[in-house]
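Worksheet: one structure, shown below.
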Amino acid sequence: MTAEPRPWLAPSASGPVGATVRLPGSKSMTARALVLAALADGPSVVERPLRARDTELMAAGLRAIGVAVDSSDDERWRLEPGPLRGPARVDVGLAGTIMRFLPPAAALAEGTVEFDGDPHARNRPLRPIVEALRSLGVSIDASATGGLPLTVRGAGLVEGGEAVIDASGSSQFVSGLLLSAPRFTKGLVLRHEGPPVPSAPHLRMTTHMLRAAGAVVDESVPDVWAVEPGPLRGRTWVIEPDLSGAAPFFAAAMVTGGSVTLGGWPAESWQPVGRLVELLTALGAEVTQSADGLTVRGSGQLHGITADLSEVSELTPVVSALAALADGPSELRGVEHIRGHETDRIAALATELGKAGAEVTEFRDGLRIEPRPLHQTDWETYADHRMAHAAAVIGLAVPGITLTDVGCTSKTLPEFPELWAGLVARS
Ligand SMILES: O=C(O)C1=C[C@@H](OP(=O)(O)O)[C@@H](O)[C@H](O)C1
Ligand SMILES: C=C(OP(=O)(O)O)C(=O)O
C-alpha cells in the first residue's frame, strides 16, 4: 500500500546552517543484519537499527517466513530464528534489499513464498538473481520480464554449488545470494560475467558482515565470491548512522556555507566514507572527523566536478543537485544501472533539474549538468526518496521548489521533513 501524495514546499535557507544531526542506522547494514540474524543458529540483537519502510517491510517479510522479530524497542530489535516456512506473502515495497535479499532465504524455507511490491517494484531488475537461483536448483515462478511478482517454492534446502551471474544491473544480486550462501548445502561459488558490478563498497559490507557472523568467504579473485557452507552465529549488530541518508544534510552545509556534523559517527566504518569525503571535497567542502562526529563545512562556493559515481551511485541525486548549484559544469558518469533504481534516476534528474532551469545532457550512464540561474518548479519525486532529497537541497537556494510528494522519504528516513525543517530553521 502506498500512501496519499504529500506535496511539500522545500524551505529556503536564510543563512548558513549550523547543526549536529543524529540520524538513524544505515539501511544497508540494517537489512544485512536482519537477514543474517534470521539465518543464524541463535538469537541476535540489532542495535540502533533503521526504522523506516524498507527495514520494517524486511522485518515483516522475515516474520512471515517464521523468524521472530521483536521491533518494539526503537534502539534494539531482537531476532529469534525459527524453522523457515511458507506459505507466506512478502511485500517488498520498493526495496531493492528485500526483493534481492529475501528470495534466496525463502528458497531455504519449506513451502511457497510469494513476493510482490509497489507498482514500480515490478520494473526493477531481478532476472539475474532468479536465474542464478534456478541454476542452483531452486524452483521459482517469475513474471514474463523475470521480475516481480515472484513465487519461490522452497524445498527446505538449497543445494548450492557454482553459479554464474551478470550483476552489472545491481550489486544486490550478489549480496542477496552471498547472505544466504552459508546455509546452502554446498555453499556457493558465484562468478560475475558482464560489465562491471556497481557499488563495490556494498559488496564489501556484505562480505565483512558475513565474516562477522562466522562465515568463511573468499573474494581474492576479482568477480568471484566463494562462501563455504557452515553455521552463521547469532550476535549483536551495532548499526552505524546512515551515510547516504546524511548526504543531503551535508549538502545543506555546502549550499549555505554552514557546517553540519553527523553525530555518533564511528572511528571505523563499513560504509564508503572515503569516497564520500573525496566527492564532497572536490565539490568544495572541508570534511573533518572528530569525537563529535563527521563534520562537513561549506564555503558557500560549489565547484563543478567530473566523477565516476559507480561505487556510490545512490549519492547521484544529491550530488547532481549540488552540481546544479556549482560555479561550473559537472559530468557524472558510470551509473547506468541507476535507471533501475527507485525510478530511472538519470531520466528523472535530467527532467526535474531541466524544469528548474539547469542545462542537462543525459548520457546512457550519467549526466552533464551546466548550472544556470534556477527558478521555482513543481518537482516530481517519482516515489523516490533520493529525488526528494535532491529537491530539498535545491530548495535551500531556490525559493518555490515544491515536491509532489515528500512522503516517499519514508522509504529510508520517515522523519526527513521534520529534521530538514529543523535544520533550515537554524540558518
Ligand atoms: O546492498 C545495498 O544495501 C545497496 C546496494 C546498492 O545497490 P545497487 O548496486 O543496485 O546500486 C545501493 O545503491 C543501494 O541503495 C543499497
Ligand atoms: C537504490 C536505493 O535503494 P534500494 O535498496 O531499494 O535499491 C537507494 O536507497 O538509493
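Each residue, glycine too, has its Cβ placed from N, Cα and C.
Keep in mind that TrEMBL annotations are predicted by a computer and have not been checked by a curator.
Between the candidates E56, E314, E370, TrEMBL assigns the 3-phosphoshikimate site shared with K27, S28, R32, S170, S171, Q172, S199, H341 to E314. In space, Q172 is the closest of the binding-site residues R124, Q172, R345, R386 to R32 (3-phosphoshikimate binding site), judged by Cα positions. A simple way to gauge crowding: the CB of H341 (3-phosphoshikimate binding site) has 24 other CB atoms within 10 angstroms, across all the protein chains here.
For ligand 2, the neighbouring binding-site residues among R124, S171, S199, H341, R345, K411 are H341, by Cβ distance under 6 Å. With a cut-off of 6 Å between Cβ and the nearest atom of ligand 1, the binding-site residues R32, R124, R345, K411 reduce to an empty set. Within 10 Å of R386 (phosphoenolpyruvate binding site), judged by CA to CA distance, lie the following recorded positions from the set S171, S199, E314: E314. Ranking the binding-site residues K27, R386 by how many other Cβ atoms lie within 10 angstroms of each Cβ puts K27 at the bottom.
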